Ligand SMILES: NC(=O)c1ccc[n+]([C@@H]2O[C@H](COP(=O)([O-])OP(=O)(O)OC[C@H]3O[C@@H](n4cnc5c(N)ncnc54)[C@H](O)[C@@H]3O)[C@@H](O)[C@H]2O)c1
Ligand SMILES: N[C@@H](CCSC[C@H]1O[C@@H](n2cnc3c(=O)[nH]cnc32)[C@H](O)[C@@H]1O)C(=O)O
(Lines of atoms letter the chains of each structure in order from A and count residues from 1; the text may use other names and numbers.)
(Lines give C-alpha, C1' and ligand atoms only; values in the text may rest on other atoms or scores of the structure.)
(Ligands and ions follow the chains in the order given, each with its own letter.)
Protein backbone atom coordinates (compact mmCIF):
# COMPACT_ATOMS: atom_id res chain seq x y z
CA UNK A 1 0.00 0.00 0.00
CA UNK A 2 1.26 3.49 -0.74
CA UNK A 3 1.06 6.45 1.65
CA UNK A 4 -2.26 7.71 0.26
CA UNK A 5 -3.93 4.32 0.78
CA UNK A 6 -2.40 4.02 4.25
CA UNK A 7 -3.84 7.44 5.19
CA UNK A 8 -7.27 6.38 3.92
CA UNK A 9 -7.08 3.14 5.90
CA UNK A 10 -6.22 5.10 9.05
CA UNK A 11 -9.16 7.46 8.57
CA UNK A 12 -11.58 4.59 7.85
CA UNK A 13 -10.72 3.06 11.26
CA UNK A 14 -12.19 6.11 13.04
CA UNK A 15 -15.23 6.73 10.83
CA UNK A 16 -17.80 4.23 12.13
CA UNK A 17 -20.83 6.25 11.04
CA UNK A 18 -19.75 6.40 7.41
CA UNK A 19 -18.87 2.68 7.62
CA UNK A 20 -22.48 1.88 8.57
CA UNK A 21 -23.80 4.07 5.77
CA UNK A 22 -21.43 2.43 3.33
CA UNK A 23 -22.74 -1.04 4.22
CA UNK A 24 -26.28 0.06 3.39
CA UNK A 25 -25.15 1.92 0.26
CA UNK A 26 -23.34 -1.22 -0.98
CA UNK A 27 -26.49 -3.29 -0.56
CA UNK A 28 -29.06 -0.77 -1.83
CA UNK A 29 -27.05 1.29 -4.39
CA UNK A 30 -29.20 4.42 -3.81
CA UNK A 31 -26.88 6.56 -5.96
CA UNK A 32 -26.88 4.28 -9.02
CA UNK A 33 -26.87 6.49 -12.10
CA UNK A 34 -25.81 9.63 -10.20
CA UNK A 35 -22.80 11.70 -11.24
CA UNK A 36 -21.56 13.57 -8.18
CA UNK A 37 -19.29 16.60 -8.68
CA UNK A 38 -17.35 17.60 -5.59
CA UNK A 39 -15.05 20.46 -4.56
CA UNK A 40 -13.82 19.57 -1.08
CA UNK A 41 -10.48 19.49 0.76
CA UNK A 42 -8.89 16.43 -0.83
CA UNK A 43 -7.40 14.45 2.03
CA UNK A 44 -8.02 11.10 3.69
CA UNK A 45 -11.37 11.75 5.43
CA UNK A 46 -12.83 13.24 2.26
CA UNK A 47 -11.53 10.17 0.42
CA UNK A 48 -13.60 7.95 2.74
CA UNK A 49 -16.70 9.99 1.86
CA UNK A 50 -15.90 9.60 -1.83
CA UNK A 51 -15.51 5.82 -1.46
CA UNK A 52 -18.87 5.72 0.31
CA UNK A 53 -20.56 7.58 -2.56
CA UNK A 54 -18.93 5.23 -5.07
CA UNK A 55 -20.07 2.24 -3.01
CA UNK A 56 -23.60 3.64 -3.32
CA UNK A 57 -23.34 3.47 -7.11
CA UNK A 58 -22.30 7.07 -7.88
CA UNK A 59 -19.66 8.12 -10.36
CA UNK A 60 -17.63 10.78 -8.54
CA UNK A 61 -15.58 13.62 -10.01
CA UNK A 62 -13.68 15.58 -7.37
CA UNK A 63 -11.29 18.50 -7.06
CA UNK A 64 -10.06 20.67 -4.18
CA UNK A 65 -11.71 23.69 -2.58
CA UNK A 66 -8.48 25.39 -1.52
CA UNK A 67 -5.22 25.55 -3.49
CA UNK A 68 -3.16 24.54 -0.45
CA UNK A 69 -5.20 21.81 1.24
CA UNK A 70 -4.85 18.88 -1.18
CA UNK A 71 -2.74 15.92 -0.11
CA UNK A 72 -1.28 14.66 -3.38
CA UNK A 73 -0.74 11.07 -2.24
CA UNK A 74 -4.41 10.80 -1.24
CA UNK A 75 -5.49 12.46 -4.49
CA UNK A 76 -3.54 9.82 -6.44
CA UNK A 77 -4.96 6.97 -4.35
CA UNK A 78 -8.49 8.31 -4.84
CA UNK A 79 -8.00 8.39 -8.59
CA UNK A 80 -7.44 4.63 -8.45
CA UNK A 81 -10.81 3.91 -6.78
CA UNK A 82 -13.24 2.49 -9.38
CA UNK A 83 -15.81 5.08 -10.44
CA UNK A 84 -13.77 8.00 -9.04
CA UNK A 85 -11.92 10.72 -10.96
CA UNK A 86 -9.76 13.13 -8.96
CA UNK A 87 -8.29 16.33 -10.46
CA UNK A 88 -6.86 18.05 -7.35
CA UNK A 89 -3.20 18.94 -6.88
CA UNK A 90 -1.53 20.75 -4.00
CA UNK A 91 -0.09 24.25 -4.42
CA UNK A 92 -1.71 24.68 -7.83
CA UNK A 93 -1.95 28.08 -9.48
CA UNK A 94 -5.29 29.90 -9.58
CA UNK A 95 -5.68 28.91 -13.24
CA UNK A 96 -4.96 25.26 -12.48
CA UNK A 97 -7.44 25.42 -9.58
CA UNK A 98 -10.26 26.53 -11.88
CA UNK A 99 -9.18 24.21 -14.71
CA UNK A 100 -9.61 21.30 -12.30
CA UNK A 101 -13.03 22.63 -11.33
CA UNK A 102 -13.98 22.72 -15.00
CA UNK A 103 -12.94 19.08 -15.37
CA UNK A 104 -15.43 18.19 -12.63
CA UNK A 105 -18.11 20.20 -14.42
CA UNK A 106 -17.25 18.66 -17.81
CA UNK A 107 -18.57 15.38 -16.35
CA UNK A 108 -22.07 17.01 -16.16
CA UNK A 109 -22.74 16.24 -12.50
CA UNK A 110 -26.35 15.94 -11.41
CA UNK A 111 -25.44 16.48 -7.76
CA UNK A 112 -22.82 19.00 -6.53
CA UNK A 113 -21.04 19.01 -3.18
CA UNK A 114 -19.25 22.26 -2.42
CA UNK A 115 -17.15 23.68 0.40
CA UNK A 116 -17.37 27.40 -0.28
CA UNK A 117 -19.78 27.44 -3.24
CA UNK A 118 -17.11 27.33 -5.96
CA UNK A 119 -18.89 24.79 -8.20
CA UNK A 120 -22.30 26.41 -7.83
CA UNK A 121 -20.86 29.86 -8.55
CA UNK A 122 -19.18 28.59 -11.70
CA UNK A 123 -22.30 26.77 -12.86
CA UNK A 124 -24.46 29.90 -12.44
CA UNK A 125 -21.96 32.17 -14.18
CA UNK A 126 -19.72 30.43 -16.74
CA UNK A 127 -21.33 26.99 -17.10
CA UNK A 128 -25.04 27.72 -17.30
CA UNK A 129 -25.40 24.96 -19.89
CA UNK A 130 -25.22 22.53 -16.94
CA UNK A 131 -28.28 23.90 -15.15
CA UNK A 132 -30.66 21.61 -17.05
CA UNK A 133 -29.06 18.39 -15.84
CA UNK A 134 -28.42 19.32 -12.19
CA UNK A 135 -30.84 17.96 -9.61
CA UNK A 136 -29.39 19.74 -6.58
CA UNK A 137 -26.42 20.32 -4.32
CA UNK A 138 -25.06 20.23 -0.77
CA UNK A 139 -22.91 22.94 0.86
CA UNK A 140 -20.39 22.19 3.60
CA UNK A 141 -19.41 25.53 5.11
CA UNK A 142 -20.81 28.74 6.67
CA UNK A 143 -19.53 31.19 4.08
CA UNK A 144 -20.82 29.05 1.21
CA UNK A 145 -24.27 29.04 2.76
CA UNK A 146 -24.26 32.79 3.42
CA UNK A 147 -23.58 33.31 -0.28
CA UNK A 148 -26.21 30.78 -1.35
CA UNK A 149 -28.79 32.57 0.80
CA UNK A 150 -27.78 35.87 -0.84
CA UNK A 151 -28.27 34.24 -4.25
CA UNK A 152 -31.61 32.77 -3.21
CA UNK A 153 -32.83 36.16 -1.96
CA UNK A 154 -32.09 37.65 -5.38
CA UNK A 155 -33.87 34.71 -7.03
CA UNK A 156 -30.58 33.76 -8.67
CA UNK A 157 -30.18 30.25 -7.22
CA UNK A 158 -31.60 27.93 -9.83
CA UNK A 159 -31.53 24.55 -8.05
CA UNK A 160 -32.08 23.31 -4.50
CA UNK A 161 -29.10 23.14 -2.14
CA UNK A 162 -28.99 21.61 1.33
CA UNK A 163 -27.28 23.75 3.98
CA UNK A 164 -25.31 20.93 5.59
CA UNK A 165 -23.22 23.38 7.63
CA UNK A 166 -26.21 24.83 9.44
CA UNK A 167 -27.51 21.68 11.07
CA UNK A 168 -26.64 21.02 14.74
CA UNK A 169 -24.91 17.72 13.94
CA UNK A 170 -22.47 19.66 11.74
CA UNK A 171 -21.66 22.97 13.31
CA UNK A 172 -21.83 21.95 16.97
CA UNK A 173 -19.03 19.47 16.30
CA UNK A 174 -17.21 20.40 13.10
CA UNK A 175 -17.06 24.19 13.50
CA UNK A 176 -16.62 24.22 17.28
CA UNK A 177 -14.54 21.14 18.14
CA UNK A 178 -13.04 20.55 14.71
CA UNK A 179 -11.78 24.07 14.13
CA UNK A 180 -10.75 24.51 17.76
CA UNK A 181 -8.57 21.41 17.86
CA UNK A 182 -7.24 21.37 14.32
CA UNK A 183 -6.34 25.06 14.08
CA UNK A 184 -4.53 24.93 17.39
CA UNK A 185 -2.67 21.72 16.62
CA UNK A 186 -1.58 23.08 13.24
CA UNK A 187 -0.32 26.33 14.79
CA UNK A 188 1.55 24.41 17.48
CA UNK A 189 3.20 21.92 15.15
CA UNK A 190 4.07 24.56 12.53
CA UNK A 191 5.58 27.10 14.95
CA UNK A 192 6.73 24.85 17.81
CA UNK A 193 5.78 27.71 20.19
CA UNK A 194 3.75 27.49 23.40
CA UNK A 195 0.10 28.50 23.76
CA UNK A 196 0.02 28.52 27.57
CA UNK A 197 0.50 31.98 29.08
CA UNK A 198 0.21 33.78 25.74
CA UNK A 199 -2.20 36.55 24.74
CA UNK A 200 -4.28 34.70 22.13
CA UNK A 201 -6.56 36.87 19.98
CA UNK A 202 -9.59 35.26 18.33
CA UNK A 203 -11.37 37.42 15.74
CA UNK A 204 -15.04 36.40 15.55
CA UNK A 205 -16.95 34.60 18.30
CA UNK A 206 -19.14 32.42 16.09
CA UNK A 207 -19.07 28.63 16.07
CA UNK A 208 -15.41 28.40 15.01
CA UNK A 209 -14.24 31.26 17.20
CA UNK A 210 -15.78 29.93 20.40
CA UNK A 211 -14.26 26.49 19.85
CA UNK A 212 -10.86 28.02 19.34
CA UNK A 213 -11.19 30.39 22.31
CA UNK A 214 -12.24 27.54 24.60
CA UNK A 215 -9.38 25.28 23.59
CA UNK A 216 -6.73 28.01 23.70
CA UNK A 217 -8.00 28.92 27.18
CA UNK A 218 -7.81 25.23 28.11
CA UNK A 219 -4.12 25.26 27.21
CA UNK A 220 -3.55 28.26 29.46
CA UNK A 221 -3.76 31.15 27.00
CA UNK A 222 -5.13 34.55 27.97
CA UNK A 223 -7.85 34.89 25.34
CA UNK A 224 -8.95 38.16 23.73
CA UNK A 225 -12.03 38.16 21.48
CA UNK A 226 -12.87 40.76 18.83
CA UNK A 227 -16.42 40.93 17.44
CA UNK A 228 -18.85 43.16 15.56
CA UNK A 229 -22.05 41.49 16.80
CA UNK A 230 -22.90 42.91 20.26
CA UNK A 231 -24.69 39.70 21.36
CA UNK A 232 -21.73 37.52 20.57
CA UNK A 233 -19.33 40.02 22.13
CA UNK A 234 -21.37 39.84 25.33
CA UNK A 235 -21.35 36.04 25.24
CA UNK A 236 -17.58 36.11 24.94
CA UNK A 237 -17.38 38.50 27.88
CA UNK A 238 -19.57 36.26 30.07
CA UNK A 239 -17.64 33.18 28.95
CA UNK A 240 -14.68 34.85 30.65
CA UNK A 241 -12.67 36.36 27.79
CA UNK A 242 -11.33 39.86 27.25
CA UNK A 243 -13.36 41.65 24.58
CA UNK A 244 -11.92 44.64 22.73
CA UNK A 245 -11.37 46.11 19.28
CA UNK A 246 -8.75 44.66 16.95
CA UNK A 247 -6.89 47.96 17.18
CA UNK A 248 -6.52 47.54 20.95
CA UNK A 249 -5.81 43.82 20.66
CA UNK A 250 -3.12 44.40 18.02
CA UNK A 251 -0.66 45.83 20.52
CA UNK A 252 -1.26 43.08 23.10
CA UNK A 253 -1.68 39.85 21.12
CA UNK A 254 1.03 37.28 20.62
CA UNK A 255 -1.01 34.85 18.49
CA UNK A 256 -3.92 36.05 16.32
CA UNK A 257 -6.44 33.76 14.61
CA UNK A 258 -9.24 35.06 12.39
CA UNK A 259 -12.48 33.05 12.17
CA UNK A 260 -14.93 35.58 10.74
CA UNK A 261 -15.47 34.52 7.11
CA UNK A 262 -15.19 38.26 6.45
CA UNK A 263 -12.54 40.37 4.77
CA UNK A 264 -9.88 42.84 6.05
CA UNK A 265 -9.89 41.80 9.71
CA UNK A 266 -6.17 42.36 10.36
CA UNK A 267 -4.84 45.14 8.13
CA UNK A 268 -2.30 47.92 7.67
CA UNK A 269 -4.04 49.71 10.52
CA UNK A 270 -2.98 46.90 12.88
CA UNK A 271 0.37 45.46 11.70
CA UNK A 272 2.48 48.49 12.72
CA UNK A 273 1.07 48.25 16.28
CA UNK A 274 2.08 44.61 16.77
CA UNK A 275 4.74 43.16 19.05
CA UNK A 276 7.91 41.56 17.76
CA UNK A 277 7.26 37.84 17.18
CA UNK A 278 3.50 38.08 16.66
CA UNK A 279 2.04 35.01 14.89
CA UNK A 280 -1.00 35.42 12.61
CA UNK A 281 -3.24 32.72 11.17
CA UNK A 282 -6.64 32.38 9.52
CA UNK A 283 -9.14 29.63 10.37
CA UNK A 284 -12.15 31.24 8.65
CA UNK A 285 -12.59 31.40 4.91
CA UNK A 286 -10.44 32.55 1.99
CA UNK A 287 -7.10 34.31 2.32
CA UNK A 288 -8.63 37.77 2.73
CA UNK A 289 -9.04 37.98 6.51
CA UNK A 290 -5.39 39.02 6.93
CA UNK A 291 -4.29 41.76 4.51
CA UNK A 292 -1.26 40.02 3.04
CA UNK A 293 -0.97 42.37 0.02
CA UNK A 294 -0.33 45.20 2.55
CA UNK A 295 2.48 43.20 4.17
CA UNK A 296 3.95 42.30 0.78
CA UNK A 297 4.00 45.97 -0.17
CA UNK A 298 5.07 47.62 3.07
CA UNK A 299 7.28 45.13 4.94
CA UNK A 300 10.95 46.09 5.19
CA UNK A 301 11.98 42.45 4.70
CA UNK A 302 10.44 39.02 4.20
CA UNK A 303 11.78 35.63 5.22
CA UNK A 304 10.06 32.36 4.23
CA UNK A 305 10.11 29.07 6.11
CA UNK A 306 7.90 25.97 5.77
CA UNK A 307 4.32 27.41 5.93
CA UNK A 308 5.58 30.59 7.68
CA UNK A 309 6.21 34.00 6.06
CA UNK A 310 7.90 36.44 8.42
CA UNK A 311 7.57 40.14 7.57
CA UNK A 312 9.60 42.93 9.17
CA UNK A 313 7.30 45.85 10.01
CA UNK A 314 8.77 48.80 11.96
CA UNK A 315 11.62 46.48 12.89
CA UNK A 316 9.22 43.89 14.40
CA UNK A 317 8.87 40.33 13.06
CA UNK A 318 5.27 39.41 12.15
CA UNK A 319 4.75 35.85 10.97
CA UNK A 320 1.80 34.74 8.85
CA UNK A 321 1.04 31.02 8.61
CA UNK A 322 -0.02 29.23 5.40
CA UNK A 323 -0.19 32.46 3.36
CA UNK A 324 -3.30 33.41 5.32
CA UNK A 325 -5.23 30.37 4.08
CA UNK A 326 -7.00 27.94 6.42
CA UNK A 327 -4.33 27.18 9.00
CA UNK A 328 -5.78 23.80 9.96
CA UNK A 329 -5.52 22.46 6.41
CA UNK A 330 -3.12 24.62 4.45
CA UNK A 331 0.12 24.34 6.43
CA UNK A 332 2.24 21.46 5.18
CA UNK A 333 1.69 19.68 8.52
CA UNK A 334 -1.99 20.62 8.95
CA UNK A 335 -4.16 17.51 8.91
CA UNK A 336 -7.57 19.24 8.99
CA UNK A 337 -10.32 18.41 11.44
CA UNK A 338 -10.03 15.27 13.58
CA UNK A 339 -11.29 12.11 11.90
CA UNK A 340 -14.21 11.53 14.26
CA UNK A 341 -15.54 15.03 13.57
CA UNK A 342 -15.41 14.61 9.80
CA UNK A 343 -17.15 11.23 10.20
CA UNK A 344 -20.22 13.18 11.36
CA UNK A 345 -19.99 15.96 8.75
CA UNK A 346 -19.45 13.52 5.90
CA UNK A 347 -22.14 11.09 7.10
CA UNK A 348 -24.49 14.08 6.74
CA UNK A 349 -23.13 14.76 3.26
CA UNK A 350 -23.64 11.12 2.19
CA UNK A 351 -27.23 11.02 3.48
CA UNK A 352 -28.08 14.49 2.13
CA UNK A 353 -26.75 13.45 -1.29
CA UNK A 354 -28.99 10.39 -1.20
CA UNK A 355 -31.93 12.60 -0.16
CA UNK A 356 -31.25 15.16 -2.88
CA UNK A 357 -30.82 12.51 -5.58
CA UNK A 358 -34.18 11.01 -4.59
CA UNK A 359 -36.18 14.18 -3.86
CA UNK A 360 -34.37 17.10 -5.53
CA UNK A 361 -36.50 16.85 -8.66
CA UNK A 362 -39.53 17.91 -6.58
CA UNK A 363 -37.79 20.94 -5.03
CA UNK A 364 -37.41 24.42 -6.48
CA UNK A 365 -34.25 26.57 -6.43
CA UNK A 366 -33.34 27.65 -2.90
CA UNK A 367 -31.53 26.74 0.32
CA UNK A 368 -32.98 23.82 2.32
CA UNK A 369 -32.35 22.63 5.87
CA UNK A 370 -30.97 19.16 6.56
CA UNK A 371 -34.06 17.02 7.25
CA UNK A 372 -34.35 16.29 10.99
CA UNK A 373 -34.41 12.52 10.36
CA UNK A 374 -30.96 12.69 8.74
CA UNK A 375 -29.52 14.66 11.66
CA UNK A 376 -31.03 12.23 14.16
CA UNK A 377 -29.85 9.17 12.21
CA UNK A 378 -26.26 10.41 12.26
CA UNK A 379 -26.46 11.12 16.00
CA UNK A 380 -27.95 7.69 16.71
CA UNK A 381 -25.34 5.89 14.61
CA UNK A 382 -22.55 7.76 16.40
CA UNK A 383 -23.98 7.04 19.86
CA UNK A 384 -24.38 3.37 18.92
CA UNK A 385 -20.74 3.23 17.80
CA UNK A 386 -19.77 4.59 21.23
CA UNK A 387 -21.99 2.09 23.02
CA UNK A 388 -23.99 4.95 24.54
CA UNK A 389 -27.74 4.56 25.05
CA UNK A 390 -30.06 7.42 25.96
CA UNK A 391 -33.55 7.77 27.40
CA UNK A 392 -36.65 7.97 25.23
CA UNK A 393 -39.63 10.27 25.68
CA UNK A 394 -42.61 8.45 27.23
CA UNK A 395 -46.08 9.02 25.75
CA UNK A 396 -46.93 11.01 28.90
CA UNK A 397 -43.87 13.24 28.39
CA UNK A 398 -44.64 13.78 24.70
CA UNK A 399 -48.19 14.84 25.57
CA UNK A 400 -46.91 17.13 28.34
CA UNK A 401 -44.41 18.82 26.02
CA UNK A 402 -47.02 19.39 23.34
CA UNK A 403 -49.72 20.71 25.68
CA UNK A 404 -50.25 24.35 26.54
CA UNK A 405 -52.74 23.65 29.31
CA UNK A 406 -50.82 21.13 31.41
CA UNK A 407 -48.44 22.33 34.08
CA UNK A 408 -49.99 25.75 34.59
N1 LIG B 1 -11.16 26.22 9.50
C2 LIG B 1 -12.14 25.39 9.22
O3 LIG B 1 -11.92 24.23 8.95
C4 LIG B 1 -13.53 25.90 9.23
C5 LIG B 1 -14.56 25.09 9.73
C6 LIG B 1 -15.87 25.57 9.68
C7 LIG B 1 -16.14 26.83 9.17
N8 LIG B 1 -15.10 27.58 8.67
C9 LIG B 1 -15.31 28.93 8.13
O10 LIG B 1 -15.06 29.82 9.23
C11 LIG B 1 -15.83 31.01 9.10
C12 LIG B 1 -16.67 31.19 10.38
O13 LIG B 1 -17.61 30.14 10.51
P14 LIG B 1 -18.63 30.11 11.74
O15 LIG B 1 -19.46 28.91 11.55
O16 LIG B 1 -17.89 30.33 12.99
O17 LIG B 1 -19.50 31.42 11.36
P18 LIG B 1 -20.31 32.39 12.33
O19 LIG B 1 -21.16 33.21 11.47
O20 LIG B 1 -20.94 31.57 13.43
O21 LIG B 1 -19.17 33.28 13.01
C22 LIG B 1 -18.51 34.35 12.41
C23 LIG B 1 -18.40 35.47 13.45
O24 LIG B 1 -17.51 36.47 12.96
C25 LIG B 1 -18.04 37.72 13.36
N26 LIG B 1 -17.46 38.79 12.53
C27 LIG B 1 -17.82 39.19 11.28
N28 LIG B 1 -17.08 40.25 10.89
C29 LIG B 1 -16.24 40.53 11.92
C30 LIG B 1 -15.24 41.51 12.13
N31 LIG B 1 -14.99 42.45 11.22
N32 LIG B 1 -14.56 41.49 13.31
C33 LIG B 1 -14.84 40.57 14.25
N34 LIG B 1 -15.78 39.61 14.13
C35 LIG B 1 -16.47 39.59 12.96
C36 LIG B 1 -19.53 37.57 13.20
O37 LIG B 1 -20.24 38.55 13.95
C38 LIG B 1 -19.75 36.15 13.73
O39 LIG B 1 -20.03 36.13 15.12
C40 LIG B 1 -16.67 30.80 7.84
O41 LIG B 1 -16.00 31.42 6.77
C42 LIG B 1 -16.69 29.30 7.65
O43 LIG B 1 -16.91 28.97 6.30
C44 LIG B 1 -13.82 27.15 8.72
N1 LIG C 1 -13.02 26.39 0.71
C2 LIG C 1 -12.93 27.47 1.68
C3 LIG C 1 -13.91 27.22 2.76
C4 LIG C 1 -13.57 27.06 4.18
S5 LIG C 1 -13.26 25.41 4.55
C6 LIG C 1 -14.10 25.07 5.99
C7 LIG C 1 -14.68 23.67 5.89
O8 LIG C 1 -13.65 22.72 5.77
C9 LIG C 1 -14.11 21.50 6.27
N10 LIG C 1 -12.97 20.74 6.79
C11 LIG C 1 -12.21 21.01 7.88
N12 LIG C 1 -11.27 20.07 8.04
C13 LIG C 1 -11.44 19.19 7.02
C14 LIG C 1 -10.76 17.99 6.66
O15 LIG C 1 -9.81 17.55 7.30
N16 LIG C 1 -11.21 17.36 5.56
C17 LIG C 1 -12.24 17.83 4.79
N18 LIG C 1 -12.90 18.94 5.10
C19 LIG C 1 -12.51 19.62 6.22
C20 LIG C 1 -15.08 21.85 7.39
O21 LIG C 1 -16.20 21.00 7.34
C22 LIG C 1 -15.43 23.31 7.15
O23 LIG C 1 -16.80 23.56 7.05
C24 LIG C 1 -11.48 27.68 2.04
O25 LIG C 1 -10.70 26.76 1.90
O26 LIG C 1 -11.11 28.79 2.42
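Just so it is clear, glycine is given a Cβ too, placed from its N, Cα and C backbone atoms.
If you check TrEMBL, you get these features:
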BINDING   141-143, 206-211, 227, 283-285, 328, 337  NAD(+) binding site
DOMAIN    175-334  domain 'S-adenosyl-L-homocysteine hydrolase NAD binding'
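Shown here: features listed in TrEMBL, placed on the structure.
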{"residue": "141", "record": "NAD(+) binding site", "contacts (Cβ under 8 Å, 6+ apart)": "115, 116, 165, 285"}
{"residue": "143", "record": "NAD(+) binding site", "contacts (Cβ under 8 Å, 6+ apart)": "116, 117, 261, 284, 285, 286"}
{"residue": "207", "record": "NAD(+) binding site", "contacts (Cβ under 8 Å, 6+ apart)": "142, 171, 172, 175, 176, 179"}
{"residue": "209", "record": "NAD(+) binding site", "contacts (Cβ under 8 Å, 6+ apart)": "202, 203, 225, 259, 260"}
{"residue": "211", "record": "NAD(+) binding site", "contacts (Cβ under 8 Å, 6+ apart)": "175, 176, 177, 178, 179, 180, 181"}
{"residue": "283", "record": "NAD(+) binding site", "contacts (Cβ under 8 Å, 6+ apart)": "179, 183, 208, 212, 257, 258, 259, 326, 327, 328"}
{"residue": "337", "record": "NAD(+) binding site", "contacts (Cβ under 8 Å, 6+ apart)": "45, 174, 178, 179, 181, 182, 328, 345"}
Annotated binding-site residues 141, 207, 209, 211, 285, 337, filtered by Cβ under 6 Å to ligand 2: 141, 285, 337
Other CB atoms within 10 A, centred on residue 285 (NAD(+) binding site): 23
Contacting binding-site residues for ligand 1, chosen from 211, 283, 285 when the Cβ sits under 6 angstroms of any of its atoms: 283, 285
